[in-house]
Amino acid sequence: MIAMLTVLLYLALILEPRTAVQAGHLPKPIIWAEPGSVIAAYTSVIIWCWGSWEAQYYYLDKEKSVNPWDTEVPLENRNKTKFKIRFMTASYAGIYNCYYKSAAGFSEHSDAMELVMTGAYENPSLSVYPSSNVTSGVSISFKCSSSTLFGRFILIQEGKHGLSWTLDSQHQANQPTHATFVLDAVAPNHNGTFRCYGFFRNEPQVWSKPSNSLDLMISETKEQSCTPTEDGLETYQKILIGVLVSFLLLFFLLLFLILIGYQCRHKNKANASVKNTQSEDNAELNSWNPQNEDPPRELCTPR
């Protein structure tokens with residue numbers, strides 16, 4: 001009986017963090033790597049975990065490792081902490097997540113973050129067909145090839161878009177191992193620098209050195225060049241608004257002139273009617289002339 005209680009107590013101590021994580025209602029932490037999640041071999045990287053002001057300890061878990069993989073206290077007056085890796089090696093490559101502990105219990109785990117090490121193998125070569133300068137809407141093919149028998153290749157677009165494509169490698173007799181990435185109907189957002197890497201299936205976070213870079217330039221077709229861009233559309237809208245305002249001002253000005261003209265004509269008609277009335281009165285007065293009448297005769301004869 002005592003042995004059974006001891007086993008149950010041991011299991012409770014082991015499962016306590018997991019159970020608390022599932023039952024907790026604390027804010028979910030956020031994990032990220034600096035300067036990035038794809039790191040060259042033997043360079044340093046910092047894994048950040050952002051959680052809560054109430055956090056007392058932060059825990060970092062690594063997939064397929066004894067967890068917690070690392071533990072840190074919060075930075076002074078901060079709601080986050082950092083886990084330092086001074087020299088990146090293949091043993092640090094993998095999938096990580098973090099969580100924290102507060103007086104209220106354990107938080108849930110953050111989203112998973114994949115930390116990749118590059119430089120473990122020789123670099124593959126990258127080529128593009130038909131050209132690195134094409135018009136929008138055209139299909140192009142990137143070919144990543146290597147003499148190393150990689151199981152998979154990954155094509156990455158560097159920069160703000162951060163697009164990536166992964167394919168299984170193709171093996172043919174007397175030819176390098178390769179993978180062909182087809183981009184149908186390329187668009188301006190595909191502009192940028194591309195590189196590819198090779199890796200083995202059993203170590204998906206341990207990559208080769210980067211291939212040679214290829215700069216892809218996508219130009220617009222004639223039809224697309226006639227289509228206003230966002231900046232062009234904004235300018236077009238401003239011009240259209242200005243034209244409409246001008247038409248409205250001209251309309252109100254014309255309406256004002258019409259009203260003024262109408263009032264002037266109405267006033268002239270009123271003045272003309274007054275003048276006609278005065279002319280008729282003058283005519284009646286002029287029609288009576290005392291010289292045209294006989295002088296009045298005297299009723300009495302002189303003595």
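Cβ coordinates are placed from backbone N, Cα and C, and glycine is handled just like the others.
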Candidates CYS98, CYS196 - disulfide partner of CYS144 as recorded in Swiss-Prot: CYS196
Cα distance (Å, whole number) from CYS144 (disulfide bond) to ASN79 (N-linked glycosylation site): 43
For CYS49 (disulfide bond), the one of ASN133, CYS144, ASN191, CYS196 that lies nearest, given that the recorded positions are compared by Cα: CYS196
Long-range Cβ neighbours of the transmembrane segment (239-260) (under 8 Å; 6 or more residues past either end): none
DSSP-derived class (H/G/I helix, E/B strand, else coil) of ASN79 (N-linked glycosylation site): coil
DSSP three-state assignment (helix, strand or coil) for CYS49 (disulfide bond): strand
